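As written in TrEMBL, here are the features:
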- 31-152: domain 'Acyl-coenzyme A oxidase N-terminal' (DOMAIN)
- T158, G197: FAD binding site (BINDING)
- 296-455: domain 'Acyl-CoA oxidase C-alpha1' (DOMAIN)
- E440: active site, proton acceptor (ACT_SITE)
- 489-668: domain 'Acyl-CoA oxidase C-terminal' (DOMAIN)
Amino acid sequence: MVDTQDQGPYYRISDTKNADLLRERQSATFDVEELTQFMFAGPNNYFNVNIRRQITRQAYAHPIHKTHLPLEYLDSDEHYSVVVRKSLAGVKEAERLNITNKKYRDWFLNIFSGGKFAFFLHTSMFIHTLETLASDEQKEKFLPLARSFQIIGTYAQTELGHGSNLQRLETEAIFDRTTDSFILNMPTLTATKFWPGALGRSSNYVLLMAQLYAPDRHHPCGLQMFFVQIRDLKTHQPLPGVEVGEISTRFSHEAGDNGYLRLTNVRIPRNQMLTKLAYVDQQGSFHRLADPRLLYGAMLTTRVNLCAFFALLLARAVTIAVRYSAVRRQGQTPSGKETLILDYPLQQDKLVPCIASTYAFFYSFMKLENLRAQILDGDIILFDRLAELHAVSSGLKAYSSGIAERFSQICRVACGGHGYLIASGIKPVNNMLDAGCTYEGDNAVLFQQTARFLIKAIQKDDDGGDEMNIGSSIAYLFSAKPAPATIVDLDDYCRLFECRSQMLVKSISNRLMESSSSSSTPHDIFLKNSIELVHVAKSYIETFVLRALYDGVRKALQHNSLALVFEQLFHVFAIHTLRNQAADFIRLKLLTAEQVYQLETYSLPDMYNRLRPNLVTLVDGFDFHDNELNSCLGRYDGQVYEALMERARLNPTNQHKVHPIWTSIKQNAMSKL
């Protein structure tokens with residue numbers, strides 16, 4: 001799986017069958033393949049597009065994809081059956097193709113299953129947590145079973161009553177010296193594990209996060225991870241003491257077999273507590289072996305990867321919306337010619353910021369992934385920078401999912417009524433991004449965690465703490481460099497955002513310090529200022545994203561045909577974000593109201609106009625296969641209306657020329673005559 005077979009583009013311009021879309025592609029000022037290679041190619045690039053193309057072709061070559069109706073036409077049980085069948089077929093096909101690289105294998109399975117791999121949590125969090133938190137002996141025992149799918153597991157942390165507040169999880173693991181085992185219980189209704197993917201009907205094991213008590217119920221030892229069997233491996237029936245099932249239906253079955261779990265007096269051997277960080281001996285004494293912050297490593301890596309996922313989802317939505325806007329005509333000119341809706345400034349004002357933000361999110365993820373690798377992937381984990389990784393990943397997860405969800409809805413509306421169809425491909429994306437605003441950390445909670453990091457950093461500096469690492473994402477908070485009086489170049493935008501973030505952080509820090517002398521508790525003070533703290537965290541993340549995009553612009557300078565386009569995208573993202581936060585820039589005297597007015601009224605539309613010839617090619621650069629988009633509106637060839645009719649005719653309801661209910665009504669009516 002390392003040769004260069006089938007690594008070329010999926011489509012050529014000559015594959016375009018719609019005349020308007022063809023003109024759009026022919027008008028571009030740069031070559032789309034140069035853009036794709038620049039953004040996503042290379043062995044050191046996370047996305048490694050050329051390998052991904054090969055994997056995609058191999059995944060879609062399998063005949064199973066032609067054996068079922070579009071998923072929106074299936075009921076819940078049919079949908080689940082198809083997803084599981086395709087997921088298992090994908091596992092076998094990956095083995096046949098000898099795809100051994102973990103990342104490439106995960107890509108293959110995701111593509112093969114149409115983004116609905118039934119065992120995603122098994123291959124990601126379940127196996128990764130075993131690799132991270134299990135002892136060598138446990139790895140030797142459990143990992144071969146998990147990697148070969150002899151067992152299927154999920155990650156059971158979130159409870160009915162508690163999600164982001166991990167310290168208040170209620171599931172208990174009490175050590176029993178007489179049997180050398182842990183007794184697992186969920187003593188309250190709210191202790192029920194609720195929401196884990198693949199739990200409802202698929203998994204036979206879980207990694208269970210629970211409060212450990214050892215040597216007895218009176219001695220709490222904090223949260224620990226336990227390896228727990230919940231179903232019989234031969235019959236798949238729940239084991240004694242286990243109640244497990246699926247939760248209420250979600251939008252369009254987008255979430256994957258989310259379930260609930262209740263355990264009553266379930267016993268597991270002492271050696272099924274994961275023991276890389278801590279263990280309990282036979283006498284019930286608790287021993288810590290390593291820094292407990294490592295327990296958070298699996299969640300941090302997952303949160304970082306989510307930022308890539310959200311960027312990809314937004315890229316799908318905006319690809320569909322822009323391509324459709326280059327095909328759809330609405331209204332007419334005085335001469336009577338219908339107008340392409342992509343030519344309307346209002347449509348550009350909807351979609352061009354979505355394109356710019358998508359590129360910004362890709363660069364932000366790559367910057368965050370580099371930070372994660374620096375901190376976690378070396379021979380020694382850099383614990384002194386773990387708080388920064390937590391703050392950036394929390395904030396970027398919250399920011400990118402929230403913005404991407406809003407922009408995907410804008411893309412949906414930009415496609416008119418057709419955009420509301422599942423067949424548009426946008427509504428499922430919007431649903432997934434909607435869920436992303438709360439899973440793996442509620443966005444409001446995550447922003448507050450980012451804010452705590454900022455406040456601690458600024459107050460530590462005020463107290464004469466250690467000098468900040470010059471490469472840190474918050475180094476600018478301690479800079480004395482003034483804000484630019486006018487915007488001359490791209491770096492001036494970055495400095496404006498940095499000065500805004502710096503001033504907001506220092507302002508809220510001073511307010512919190514002044515309040516500390518009152519009778520209020522630190523908790524009450526933080527709570528009272530939480531709205532402003534979230535705003536401060538957002539300003540920090542916006543600065544991080546802008547700087548990441550600026551780094552991308554500088555890299556593009558090596559490509560003459562791309563450099564100007566990336567500068568224009570930077571202007572759009574910076575001005576659009578600035579426009580939405582204009583009150584800050586004016587109040588802090590970083591810009592005047594007139595300057596903001598000039599930017600949003602003249603500079604931003606001018607950038608739309610300059611980018612107009614390249615809009616379709618900019619989204620083509622994301623390099624999606626039509627099967628990935630699963631969209632009648634966003635297909636590469638532009639045959640939108642043919643695809644919509646073909647999809648409509650597949651609806652099983654149309655098998656009846658007269659629906660049975662009307663046959664019954666007409667027969668009853670006739671019998672009364």
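Yeah, the Cβs are placed from backbone N, Cα and C, and that goes for glycine too.
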Alpha-carbon distance [E440 (active site, proton acceptor); G197 (FAD binding site)] in Å: 12
Taken over the domain 'Acyl-coenzyme A oxidase N-terminal' (31-152), the model's mean pLDDT: 94
Inter-residue Cα distance where the pair is the residue listed as 'active site, proton acceptor' and T158 (FAD binding site), in Å: 9
Composition by DSSP (helix, strand, coil) of residues within the domain 'Acyl-coenzyme A oxidase N-terminal' (31-152): 86 helix, 0 strand, 36 coil
Neighbourhood of E440 (active site, proton acceptor), C-beta criterion under 8 angstroms, separation at least six: M299, T302, R303, L306, K397
Packing count at T158 (FAD binding site) (other Cβ atoms within 10 Å of its Cβ): 20
